[in-house]
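Here's what TrEMBL has on this protein:
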COMPBIAS  462-481  compositional bias 'Basic and acidic residues'
REGION    199-218  region 'Disordered'
REGION    462-493  region 'Disordered'
TRANSMEM  15-33  transmembrane segment
TRANSMEM  45-65  transmembrane segment
TRANSMEM  85-107  transmembrane segment
TRANSMEM  366-384  transmembrane segment
TRANSMEM  404-423  transmembrane segment
TRANSMEM  435-453  transmembrane segment
Amino acid sequence: MVVFSSKHSRAKVNFVAGQLFALLMAVWFRLYLHPSKTSPFIRHVVATLLGFYLALFCFGWYSLHFLVQSGLSYSVMIFAGLEHMHKYCFIVTLGYLILCQITRVYVFDYGMYSADFTGPMMVITQKITSLAFEIHDGLTKRDAQLTPSQKYLAIRRMPSLLEYLSYNCNFMGILAGPTCSYNDYMAFIDGTGYQPRHQENANGKENGKYKQSEPSPKNDVISKLCTCAISLAIYLSLCKLLPVEHSIDDDFVNSTPFHLQVIYLYLAMLALRPKYYFVWTLADAINNAAGFGFNGYNKDGSPRWDLISNLRILDIEFATSFKSFLDNWNIQTALWLKRVCYERCAINPTAATFLLSAMWHGVYPGYYLTFLTGIAMTMAARAVRHNIRPYFLVSDSYKCVYDVITWAWTQIAISYTVAPFVLLAVGRSLKFYRSWYFCLHLLCLLVVLVLPVKSRRQQAKEQQDGLLKDKLQDNQTDHNSTDNNCNQKDKAT
């Protein structure tokens, strides 16, 4: 156990050291390899080589899996027909990731972090599969067949091998991501990422408010590094005091009133989240320091550097619905799931999306229990929101009461759902749910059976039908008005 603990600590130290090195290289990259000073080719080469160096430093020869996964997928893109290339690429990439996860978990060290080379592979999987779908959209479909977001993301030519490796393995995102679209990354490399915000407006006049020099990410990087420091301090202070595993301790369960068990679970999950805040905010700061992540300007003219941000901390902690929490947590992964699964799956897209998320995360049974529970939670939360929320919108005081209740419910539901994700093993996860008498599972089942709920596609269809009906009524009103005017003119004549 001492050996495992030593490996565990060394892996964490290597990760933080690697990210701090990447932060320094990002500043150097933006200042000395700026698009105005060097060619995209040099920027691709340097970003890729630095990425490989960081991978070797943190994971040793396990990092060869990054190249094998990328190489297999690129071969599929090149040699498979465009019509089905995205499907084959999805199967090969996700299959290789799952194979590596099975090997790491059940051959090397179950439940331990050491040699967790599959973490970067998860981000590479997102990038490769997104790229395959975007190439398929760009080369096989007409614009009329694509949604506005798919049209923006569509890729009109096959990337070169260097561009492909740079996108997958660049030093800014090789250790912790986040994932990003290929078009956004290429705009960053080419130096065109700021141009759309500087173009002329619809009247043909330059928008002087935003027509300024290239925005600096300095303030945002400093702010995000401060957030990292605070998150790390909170996590190191509380993680040992409030372990999630204590919630299934027999003495704790038998001697603690149920309402205190609920409060403890919430506090334990609250103490655990800053670890993710630290990792994802640091990754975002690294990308921003390199000049990647610009997302236009705020109303006051200040630049926004949240194009590839992965979380919104305040929106997470004060979320008043299950969906709101998920929309602000691991944002880029949620977008990936939406683009490759939810928008394209014809049968029960919600269940398919949760299942894909579980398979992508790994092979621990706790992951599958979490995401299966998440399906029930999502359906129940949707039913409550559609059937009960309208009654609380009649006044501000009623809405305030509703928000407080739903905030508490959301935090409890998230903690209950995510507990197996932390406990990992099926025995410990089921022990936790038994200590809670599966109460939220049963409550969700009751809500779904009692309250009617429509799928999002049905709601969208009804909304479109309603808009079409309103438009027809408006046209009919205009037509009647025109007829009346004509009749009045005839009478006057």
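Glycine residues also receive a Cβ, built from the backbone N, Cα and C atoms like all the rest.
Only sequence-distant pairs (6 or more apart) were considered; of these, at least three Cβ pairs between the transmembrane segment (366-384) and the transmembrane segment (404-423) are under 8 A, so the stretches are in contact. Highest Cβ contact count with the transmembrane segment (45-65) among the listed stretches 15-33, 85-107, 404-423 falls to 15-33 (criterion: pairs under 8 Å). Within its own chain, the transmembrane segment (85-107) is flanked in space by residues 65, 68-69, 72-73, 76-77, 115-118, 121-122, 125, 128-129, 132-133, 135-136, 340, 359-360, 362-364, which lie at least six positions past its ends and keep a Cβ under 8 Å from the stretch.
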